[in-house]
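Shown next, in structure tokens, is the structure this report addresses.
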Amino acid sequence: MLNIVLFGPPGAGKGTQSQKLLDKYNLIHLSTGDLLRSEIAAGTALGLEAKKLMDNGLLVPDEVVIGMIENKVKENRQAAGFIFDGFPRTVPQAQGLDKLLQDNDTEISAMIALRVDDEELTKRLLLRGQTSGRPDDQNEELIRKRVQEYNTKTRPVADYYAGQGKYYAVDGIGEIEDIFKALCQHIDALKEKQEENK
Ligand code: ADP
């Protein structure tokens, strides 16, 4: 299986690039942000709880997102692989994911980070807020809160995968197509290595 963690701060372009990668490599897209928003839209108890946190720019509890991901991985055992987008966002989530994949006889192939500076991120998120209708993209204070959550809780996840020799990064500023090509280069190299080891 080809299991990629697409990593980066809010607004880095993970959603956009995930869409292109899953088309090309035939992978399943697992975005915890999307999964949580569908729980909210369906008005479930989980969604109601999550909404309070999301509307304040805070992370939802680890057990909640790990549980959602576990269900999806189990539903898709036959898949060629997964792209994890917006997950794992904390080190305990990364540990939970490792365990869950191990239980399903697979593992993370690589984390690829999209590098974008804070100023560009705020600009992109405010722009997205004008069209997406996402409440968490509409004010600068909330965006700053999310970036702060990212810097304190999520950034260490990169070190976690670096420690496993699985961390790669590409420049997330520039043309969407160029960023996509840079991502594909890393993924193609991984696939080649997987083939060699078969
Ligand atoms: P963005 O990457 O632009 O912040 P997401 O759609 O990934 O957007 O996430 C939106 C919100 O959903 C986050 O601010 C957070 O409250 C919640 N969320 C999403 N994924 C996770 C996760 N893995 N762990 C905790 N909270 C999450």
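Glycine residues also receive a Cβ, built from the backbone N, Cα and C atoms like all the rest.
Note that the coordinates shown come from a computational prediction; the quantities given were computed from them, not determined experimentally.
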Subject >> Residue from R77, R134 that TrEMBL also lists as binding AMP with T32, R37, L58, L59, V60, G86, F87, P88, R89, Q93, R146 >> reply: R134
Subject >> binding-site residues close to ligand 1 - of A12, G13, G15, R128, R134, G174, only those whose C-beta is under 6 Å away >> reply: none
**OP:** Rank the binding-site residues T16, T32 by the number of other Cβ atoms within 10 Å of each Cβ and report the first-ranked residue.
**Re:** T32
